[in-house]
Amino acid sequence: MGVLSEGLTQVLIPVAALIGLGFALLQWYLVSKVRVSGHSGGHKSYKDSLIEGDFEEGVDSLEVSAKCAEIQNAISVGATSFLFTEYRYLGIFTGVFGVIIFLFLGSVKGFSTKSEPCTYNTGNICKPALANALFSTIAFLLGALTSVLSGFLGMKIATYANARTTLQARYGVGKAFITAFRSGAVMGFLLAANGLLVLWVTINLFKLYYGDDWEGLYESITGYGLGGSSMALFGRVGGGIYTKAADVGADLVGKVEKNIPEDDPRNPAVIADNVGDNVGDIAGMGSDLFGSYAESSCAALFVASISSFGVSHDYTAMSYPLIISSMGIVVCLLTTLFATDIFEVKNVSEIEPSLKRQLLISTVLMTAGIATVNFFALPSEFTLFNFGTDKVVKNWHLFFCVAIGLWAGLAIGYTTEYYTSNAYSPVRDVADSCRTGAATNVIFGLALGYKSVIIPIFSIAIAIYVSFSLAAMYGVSVAALGMLSTIATGLAIDAYGPISDNAGGIAEMAGMSHEIRERTDALDAAGNTTAAIGKGFAIGSAALVSLALFGAFVSRAGIKTVDVLTPKVFIGLIVGAMLPYWFSAMTMKSVGSAALKMVEEVRRQFNTIPGLMEGTAKPDYATCVKISTDASLREMIPPGALVMLTPLIAGTFFGVETLAGVLAGSLVSGVQVAISASNTGGAWDNAKKYIEAGVNEHAKALGPKGSDAHKAAVIGDTIGDPLKDTSGPSLNILIKLMAVESLVFAPFFATHGGIIFKWL
């Protein structure tokens, strides 16, 4: 037994989650102190309460503030109405899929209510398969609800903070940075604490029924991960199609044809573009990372339940994944204070280093945190399930498993930053290639994306080898948890990007001065890089998570070895490797066809509304919002169906070995495609921003806005949009979701699967 008693563990986990929630509320309160509306009844007038800094002349600050409030409201209403519509569709899907889970798992033993011998802990009696079916369905619904809540709250916070960031930019870049970063932190801590709290409550409630049958209890908990990721898939794909249809439409007509600035209020697609940042990058990312967190916890808990922790009912050691996450919340809280209170950002050049410092500080502190948890929570020696045999493991082995996951995450983050930030040569080379037109820009950008895969893949490979050698599949699942242990900081950095992007859009639309737009642009450029880092983390952790889930699936399905040389496995492998390409084709095409409609609508408005270019008439924003909404809701169904149905079809008709091949193939090819797509898109975007900002002689020679090189950069950026915000980030959900779905349905596939091969 470890030093920590069961009673103390039961207190510490919810306390850490509540501390996270409390800290999120505190950050939200600090952001809310920035007043937006011009008329704050009862308070001092707006001029007294906010206007103390030196302002640019000639802009009536009250009028600007009212305009910001109006734009913020339009973005918030658009995002909320889209998400509500999307969630109505998802509600129907969740109900139907919940029934499928119940029927498939209930049929394993013919819906019998009799207790039966345990699968692993032979000699003991476990609860009936029907109970597993019911509780897996409940866990699935809870996971789906938490995932939707994570995305929705994130979107609400982002739309609350965007105009406040714009208004704070009037006092300098430091104030605006803190507002955007605090808002990101609200989302990060809400999500980390929520995910942990709901999982802890679910385990304790299920325990009331399962009692000593931990094998059945933790097997049904895997439904929680499935619920989280299935919502994330639709959120990511739907949100990604929405945001990029608007973005591509706005850029092609506005910047390239009409030569007007980004986020110009005359552009009819501008509100849809800003709404898209919130529903795609914020709500989608929130659900995505929550899904990763839920799945890595479920994979670790499942493997532990069939190891000595579960057999000997050592609750503290069993809860090791939850204690790691609790420690992560405390570590991230300390890390956040470094950005908001200890090292204040004073000028533009300090923004990116401050965000990068967050990653490093959280990783160093968390390494110490893991060592502490290992000492107190784990017995000095124990055995772990390793595909039918027991592997003897010491507690310091697990320290290295979690730590290598954590540091591999940092390596992936820094590599991504090197390939996507315009402070380094790769992006500057891409910008330089714009001199000779869009074609060379596209060639350089694609090459950069392919090259940026090398170091992350080696990092993931080393993490897998070390963690598997030390602690079998349990080691891999806690390595994934290690990478996600600093999720609150990772999300804060990630959500900061879209909030800054929106703040820049609001500044442009409200007609604020050039100087303020430069400040918000600087925040936004750093945000672009941090968003790419966030995607790198999500993809890296997805690779480890899906491998851990794959291991759990193989164990649960009773496969002794997965032999690539058998035809059953190999056909699965080659089809699985094709799936990411099929999925990317669907999502790219969806963005393309929606963007086509958007371009036509924007052109139509410029041609038919008199006075629109002169700024005397208002565009019809609502039609563009409707085009994006309709396209994304319609187009998210085929890619979603592909991912959800593949494991069901492969497992039922071809059996568990072929399905194992499909999972391995999709994991191996999906990670490569996802990283290269994300980084190519990020690099093109920042190459364009590098030319626009004109920070040095090289950039000035390529600019200014509207030059041929700039137009070539805009085309690259537009091609990269669906790569970095729709296909790339959705692929990491594809590989995780297929693995967790296979694990949940493993009992059914093992009993009834492989219909076709049984005939042959």
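Glycine is treated like the rest: Cβ placed from N, Cα and C.
Segment annotation: TrEMBL labels transmembrane segment over residues 397-420 (candidates 61-84, 397-420). Tertiary neighbourhood of the transmembrane segment (537-559): same-chain residues 119, 219, 222, 225, 285, 288-289, 292, 295-296, 298-300, 302-303, 306, 385, 387, 405, 408-409, 412-413, 456, 459-460, 463-464, 472-473, 476-477, 479-480, 483-484, 490, 656-657, 659-660, 663-664, 667, 671, 674-675, 678, 728-729, 731-733, 735-736, 738-740, 742-743, 746-747, 749-750, selected by CB-CB distance under 8 Å and a gap of 6+ residues from either end. When Cβ-Cβ distances below 8 Å are used as the criterion, the transmembrane segment (397-420) is approached by residues 320, 324, 356, 359-360, 363, 366-367, 370-371, 374, 378, 426-427, 448, 451-452, 455-456, 459-460, 462-463, 466-467, 470-471, 474-476, 478-486, 528-529, 532-533, 535-537, 539-541, 544, 678-679, 682-683, 686 of the same chain, each at least six residues removed from its ends.
Distant neighbours of the transmembrane segment (12-31): 4, 157, 160-161, 164, 179, 182-183, 185-190, 192-194, 196-197, 200, 319, 322-323, 325-327, 329-330, 333, 336, 488; these residues of the same chain sit at least 6 beyond its ends, with a Cβ under 8 Å from one of its Cβ atoms.
Note on the transmembrane segment (176-203): residues 13-14, 16-21, 23-25, 27-28, 30-31, 34, 139, 142, 146, 149-150, 153-154, 157-158, 160-161, 164-166, 168-169, 217, 221, 224, 228, 282, 286, 289-290, 293-294, 297, 301, 322, 325-326, 328-329, 332-333, 336, 339-340, 344-345, 351, 354-355, 487-496, 499-500, 503, 519-520, 523, 527 of its chain, located 6 or more positions outside it, place their CB under 8 angstroms from a CB of the stretch. Count of Cβ pairs under 8 Å against the transmembrane segment (318-339): among 359-377, 472-493, 565-583, the largest is for 472-493.
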